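First up is the structure itself, then whatever we jot down about it.
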């Protein structure tokens, strides 16, 4: 029985010539787990919103969208509310009440249920999601992952038959994202709820899915099982989606494009074993594994490059009696390098950035910026052509109504002639690939474009050192490559970039050096090769798959090349 | 040991027994007590309310209450009394003349009485704010209008969210080299304005998603109900009956005029009859209910731990 069926759906926003959806037809059966993917702006969100009555966008719609055989447009409001659940991207913006228990009951209140029944339903769902321990908390005390789980749970209390999710994990760190996806899988297998989810990160999602839909320029290009869809993408259909595929698929497609593709790390290992044989004890490469040097400031100072940012024995705690957040941080970043600090949540990564920008003051230790003690610098010396930080939310910088004015605003307090200003804005907008968007409102840009606008704004201030807090959060894989290219160019021009991130794959591919932050200090540091090849868990997927054969191959390209594959 | 259950420094706060009672009890208690305090100007009733308010505020808020009551309220009482004395010249008992103005005993006493009334009300409200938290308020109004309850809850949600966002905006602007220490104050005021406008634009944009999320969960359907976690247990019915009975008696006595007193032109106290004694006892009984509950709570806790 089909729960959703779309036939020949065309849609255009008012005032737009081009259709956002072009002749889209597909159907979803009961209890299926379907993944919808595609480049940002390909019409995924528009399509998903058409499946929920109250969220349907205004515009010109042709074709039929049926829920259980009835037009979604004509569904009864109560049926639409309770049977079709919709989870959006941003964990914070979806929460409307102040207490966890109240948020859980929001939908049930709308349906006008009796208090007794609500209590039972809320209790049931809180137990299913493991929310009991934070049931009475204020929502402002929750972590991002908890907030998104709460959003999911507050929809599940209404016992929907169909759950639609629009990039639900894009704002979460990888561990919270895995938890969230595991919960989704549990909902699908244990409650039989039909799931339709759009997502960029396919690494974990692909093995869970029954079916994959790939959209390109408003059309449905692929509608197939996960293995078959992966094979189609690897063979060149929707080429742009290739970078979003799991690393195992990318390796397999380069080495043996015709066979059955592995989807998980486990399958990948077995597949490599078939190709290469058992990883023998005599593998000579095992002994060649590069040794990771214990991280000290000396090792950084001994090299010829002077360090631009250095921290020595820095200690900090938030409250007088609370535990230390930073416990003797040692850090030395050299001029012109892209330095990445990796690590889990709450280990002190962001606090380190705050210490550098003087938002918090360490009680012990020294911090030097370009050879000068941080506390000796005035705010003006520190931030004017010195340090600059890209905030996690680019919106925190936007004040104007067009991209051009936004960029000009960055120069507003520097006394430059107008043509000079215009020239610099033109240069930076070319650099950030924003030329075609200069008259657009900043809030009408996509997440990745907003990120680049914010970066462009910061760069117009001509900083020498750029601090980045989670720059790849919520970006699609295609966009990440653009961003990496920009970073590379900046480093080559002499800028030093220090970034804090969860994105292991990004660091492995593009960082000059990586450091692991744990328990308030930096425990290891080295080039991506030195850094990742020593780890068995905290490393890239490609390295986890092929580490037994090629310990020093970090990226999927390296593994594929070692296996004799050809990389297009 | 008493200190296990109750620390004198901190006060009981949210550990108070009355805090856990049903909001209806909390609300009716404070409504009656504060109401009677405001209208019963008889000195005996005023002083008993003043005394009980002190006791309960110290029990709830510990040393903070003592500090506030002594440092702020006692000077305030003296000031208000002085103000009334110097500005009101009614009354028959003239004590002396000041710049050709009569200073009367009645004015002094009336000033003192109204100052004590006002401060008692303030102290009772400080207790009220500990016991009746936002979600109890929301619950009580939600019974009448679910939309109002939701609105209050949303306001409580947005205050911390906006604070957090504003800090983020300010930090981001600082890291761009804006609004730094050492720039002129005109620049800093303009920068502040800019930060507020960023906050507003950002929040409006975010609220579109919030509206979608509400819409997706059926906001606007007819017949909205209101969820809460409060239980009206058997014992609480007895307590509510006690509050209403005692409160009713006191209010009736008030209405009958047994607590009224004339200050001008001369002080005229009604005679203290059996009726007055009964209503005073009822009043004291009513006011002491939460403290009795707390004492019982501390005692129960001690007993259960002594047994272990």
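Our numbering is plain: 1 for the first residue shown, then up by one each step along the chain.
Cβ coordinates are placed from backbone N, Cα and C, and glycine is handled just like the others.
Any TrEMBL annotation is an automated prediction that lacks curation.
According to TrEMBL, the feature transmembrane segment maps to B:29-54 (among others).
According to TrEMBL, the transmembrane segment annotation covers B:66-86 (among others).
Summarising the annotation, TrEMBL assigns transmembrane segment to B:107-131 (among others).
Under the heading transmembrane segment, TrEMBL lists B:137-159 (among others).
The transmembrane segment annotation in TrEMBL covers B:238-262 (among others).
Per TrEMBL, the feature transmembrane segment maps to B:274-293 (among others). Packing against the transmembrane segment (B:274-293) from elsewhere in the chain are residues 16-18, 21, 29, 32-33, 36, 40, 44-45, 48-49, 52, 55-56, 59, 131, 239, 242-243, 246-247, 249-250, 253-254, 256, 258-259: each is 6 or more residues past its ends and has a CB under 8 Å from a CB in it.
Tallying C-beta pairs under 8 angstroms between the transmembrane segment (B:107-131) and each of B:29-54, B:66-86, B:137-159 places B:29-54 first. Listed by sequence, the residues of this chain that lie at least six past the ends of the transmembrane segment (B:29-54) yet keep a Cβ under 8 A from its Cβ atoms are 18, 65, 69, 113-114, 116-117, 119-121, 123-125, 127-128, 131-132, 243, 247, 250-251, 254, 259-261, 263, 269-270, 272, 280, 283-284, 286-291. Counting residues 6+ beyond its ends, the transmembrane segment (B:137-159) has Cβ neighbours under 8 Å at 23-24, 27, 224-226, 228, 230 in the same chain.
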